[in-house]
Amino acid sequence: QKVPGASGGALPKRRNAKLFLDLETNSDLNSDEFEYEDEAKLVLFPDHYEISLPNIEELPALVTIACDALLSAKSPYRKQEPDSWEEELQASKHAKTLVQLDNGVRIPPSGWKCSKCDLRENLWLNLTDGSVLCGKWFFDGSGGNGHAMEHYKETGYPLAVKLGTITPDGADVYSFDEEEPVLDPHIAKHLAHFGIDMLQMQVTENGLRDNDIKPRVSEWEVIQEAGVKLKPMYGPGYTGMKNLGNSCYLNAVMQAIFSIPEFQRAYVGNLPRIFDYSPLDPTQDFNTQMAKLGHGLLSGQYSKPPMKSELIEQVMKEEHKPQHNGISPRMFKAFISKGHPEFSSNRQQDAQEFFLHLINLVERNPVGSENPSDVFRFLVEERTQCCQSRKVRYTERVDYIMQLPVAMEAATNKDELIAYELKRREAEAARRPPPELVRAKIPFSACLQAFSEPSNVEDFWSSALQAKSAGVKTSRFASFPEYLVVQIKKFTFGLDWIPKKLDVSIDMPDFLDISHLRARGLQPGEEELPDIAPPIVIPDDPKALDIDESSVMQLAEMGFPLEACRKAVYYTGNLGAEVAFNWIIAHMEEPDFAEPLAIPAFGEVAASGAAALGAVGLDNQPPEEMVAIIISMGFQRNLAIQALKATNNNLERALEWIFSHPDLEEESEPALDRMDMENNANANILAETGSEGPRIKDGPGRYELFGFISHMGTSTMSGHYVCHLKKEGRWVIYNDLRVCASERPPKDLGYIYFYHRIPS
């Protein structure tokens, strides 16, 4: 409401701050059109009685203190984005005197790519010499390899314009010298020097010109179903989520998670109980934040169709007013990313990595007798065979995702791919737009076959030979989960260690039967490898300790930070990518998770290095690192400690010991139980579980597809995520705030697929 009598032109607007739990809707209260005055009121329900604040005379002291604390607390919006308030750009000091080289460079209207790598996104044109180079983490949050900055450091040429943002009204200009976005009053003249006519340039929603190189079959258009009129969906379960700046990975994963009945019951079904038992600061409680977000998505309160009168008004005025539907998950993102070096940033992230991060938090914050993450958990049986002695070892590990390799060699359109690549290179050499994209078509059966085939074990130590030997490993399902999550391993590293994405089409089935991948255990005639651990050698120079780079690369391809992968392999004694993966899951919350590996000095290694690598400590007390790894797999702390003590703190043998003692009675450790209860934010609603080992929900291996998450872009560091879910018999697309009925669900271009088990 406007406040009369205010000075300064536009009348200020008043916004009321009411003290009750509210979901952050997508209303834009930060418009520059108004000034604002804050007015706080305490509202008493159910009579809706309002008391203006401050009011020391009428309110008890405790209520006054609580109100003051609430009003003085920083909102998640200001915590998350302190620099998000737009400032007016200033003209660059270099704009007027910019020297442009007369080197004959002409920039074509399309076909741009970085002159130092193959990136075709986030490209910047240097206004001095016409170089086209990729950016890094500039003010717009896009990803790249930093070649534009490197060029500035080498040449000192200060100004660059982002290709794809040039319109008759201006363009995005960045000053490397001034380290900020700037205005270039002479931008038209500077662009004309390289043959660019601003009046002919048009920009689209994704930062690419209408006549740009994007072919009609680009994944951006196909995945978002561009060019098709989509019908908006409203009501419970059809609520969008605002993109907070490269947070589409979070939006896509949470939409999929809360489409699963077990998560709906655990958090939304238990919402009154969770709120009743929430701590004094509910912003720091995982279950409270999950319940709040789930309620926002499933209640329907934030997904209402526009009134008929509003639609008529829009048609008559030939304008479209955006509906303030959807929720803004600022508080949820602030909590769930707290302390994480990647998720706490505004950079794009890997949806698969975030999914595992979320599952880790769900595991650590039980909300009842059953943990909803149990529906994803399954056991993997790994059969390792020594190629020389032919002896075998069977082990089991816990997993939540089936990672399916892309069998590029099985592409059914190889001739078309070869012809396309030749045309693309010719067009690139002639600086012409590339031909229409031809995407590799990979049969799903070939990917499944690649998953089931034996793989070589790098640096295999045979206990039969007591020496290094060649070994092969085969993975099978020791149990089938209730919900099967399948990740297509599209992201890999090139020879230059630059992450890249395989742009492929895979005919993912609506109905999937993987019963033939059921584990069979030790077979008649097979002889087991002796239960002998490899000798642990601590070098005189600890920095000389080898790190298995193949394991590092396997983890890095999953989307984890490279330095975190190196630490995981180092601290688990090169026991393989699977063990290192569990270390990562257990340590993702640590502030130095992605910091470079700091190898301790020799004296420190002598004192504690042996324990870190699995040797026997003076008191045989298991290292906390190893205990955390086993707990992260779903086992209880008591059992983890007991197994490590029984195997002299050998992590691999401890896991085998756990699986070989399924009927073991757990020793009671009240002190440990009390510590776990105190550390749990919602300890009051914890239900005791007496089961040993990881909790699994085994059943038939037949599944039906109900959702998938797709990624657009060249790597996990950039791009956009969209989620498709099958609800009430039809597919629905969730594209941040937009929720519409899907007309052409691109099931062949997905990145993460969600299947639910078909009852037998």
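Every residue, even glycine, has its Cβ placed from backbone N, Cα and C.
The following features are taken from TrEMBL:
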type	residues	note
DOMAIN	90-198	domain 'UBP-type'
BINDING	Cys114, Cys117, Cys134, His147	Zn(2+) binding site
DOMAIN	239-758	domain 'USP'
ACT_SITE	Cys248	active site, nucleophile
DOMAIN	546-587	domain 'UBA'
DOMAIN	621-661	domain 'UBA'
ACT_SITE	His720	active site, proton acceptor
Among the recorded positions listed as Cys114, Cys117, Cys134, Cys248, the Cα nearest the Cα of the residue listed as 'active site, proton acceptor' belongs to Cys248
Of Cys114, Cys117, Cys134, His147, which is closest to the residue listed as 'active site, nucleophile' if I measure between C-alpha atoms? They're all binding-site residues. Cys134
What are the DSSP helix/strand/coil residue counts across the domain 'UBP-type' (90-198)? 16 helix, 21 strand, 72 coil
Tally the residues of the domain 'UBA' (621-661) by DSSP class, grouping H, G and I as helix, E and B as strand, and everything else as coil. 28 helix, 0 strand, 13 coil
Cβ distance under 8 Å to Cys134 (Zn(2+) binding site), same chain, sequence separation 6 or more: which residues? Cys114, Lys116, Cys117, Leu119, Glu121, Asn122, Leu123, Trp124, Gly144, Asn145, Gly146, His147, Ala148
List, in sequence order, the residues of the same chain other than Cys114, Cys117, Cys134, His147 whose Cβ lies within 8 Å of the centroid of the Cβ atoms of the recorded Zn(2+) site. Lys113, Ser115, Lys116, Asp118, Leu119, Leu123, Leu133, Gly144, Asn145, Gly146, Ala148
To which of the recorded positions Cys114, Cys117, Cys248 does the lowest count of other Cβ atoms within 10 Å belong? Cys117
Taking all residues of the domain 'UBP-type' (90-198) together, what is their mean pLDDT? 84
In all the protein chains shown, the tally of other Cβ atoms within 10 Å of the Cβ of His720 (active site, proton acceptor) is 21
